[in-house]
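What follows is a set of notes on a single structure, which appears directly below.
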Amino acid sequence: MKIGILFSGQGAHKPGMGLDLLVDPLFAQTVAEASAATGLDITTILRSEHGELDQTANVQPALVTVSYGLYRMLRRDLPKLPVAGMVGLSLGEYAALLADKAVSAADGFKLLADRGRYMQTDADAQASGLAALVDPQEKVVNQVLATSAVQVANYNSPHQLVIGGPVAELKTAVSQLKTAKAAKKIVILRVSGAFHTPLFNNARQKMHDRLATVTFATPQVPVISNTTVYPFTADNLSEILERQLAVPTHFGEDLQYLIDHEKIDQTLEIGPGKALSHFARQVDRNLQRANIATMTDYENYVKEHQEWI
């Protein structure tokens, strides 16, 4: 068996995520390390009793902490886990790079905190949003958006793409797309900004300067970039992570790369939600799929795979 690890992106987060995992010493240690590196109280953010997870600047380090902490637990308890490659959706790329030792935990969490702040600033500067299109007719979508400020932000699978732009223009585009019957279903997403569009070019420029201060290593197993659909290397990481903020993601193509080049036959989604497993099914129905979001999920997965101890 060859496993492709999938790391959740922003939008999968929810209040209370990861709290049940704090009973594990290694997970608790990961939360403490993230809190120390970022200057944020990650546990308080995970609870989100006062809307802390409504802020991009909080979501980013918190979600990656949960995903990375879970992966560390897996590697401790299933050291022979046959990982052939990794894909993270947008923010999830940072969890993959931490998990695959392309960047140190301290540097990675500090970088995440800054990325979140830069993106929060751009999100606050102009009201913008995203909308998911289910079973889109891509040619019709492109025709409708040709003269619009709205652009495709995410190519998630053969059956879903996401568009984004300023709120008013997004509403107009959604109305036009519905009239044109450009998709089976269109859903406005609950996010704080049109991530992966040019509206985040200011954050992109700040990341350019910030990334120049970080030392990266080539990942130990292939981590496939949402931006290029090729593996990250120590030489290309900074340039790609900068571009990633303001250009579309290609999760479905990333997964197809792992199928074609790394011959994966199972995906394991790590982090809250099951969206990536759903996309994986749309990419290739033959893939076995599993996900770990809670301590119960984790315990069941480890129990079922004692051959990897």
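Just so it is clear, glycine is given a Cβ too, placed from its N, Cα and C backbone atoms.
Here TrEMBL flags 6-297 as domain 'Malonyl-CoA:ACP transacylase (MAT)'. Confidence over the domain 'Malonyl-CoA:ACP transacylase (MAT)' (6-297), given as mean pLDDT on the 0 to 100 scale, stands at 97.
DSSP gives Ser90 (active site) a coil state; it is part of no helix or strand. TrEMBL lists Ser90 (among others) with the feature active site.
Under the heading active site, TrEMBL lists His196 (among others). His196 (active site) carries neither a helix nor a strand DSSP state and counts as coil.
When the Cα atoms are compared, Ser90 (active site) and His196 (active site) turn out to be 9 Å apart. For His196 (active site), the same-chain residues 6+ apart in sequence whose C-beta sits under 8 angstroms from its C-beta are Ser90, Ala153, Asn154, Gly164, Gln244, Leu245, Ala246, Val247, Pro248, Thr249.
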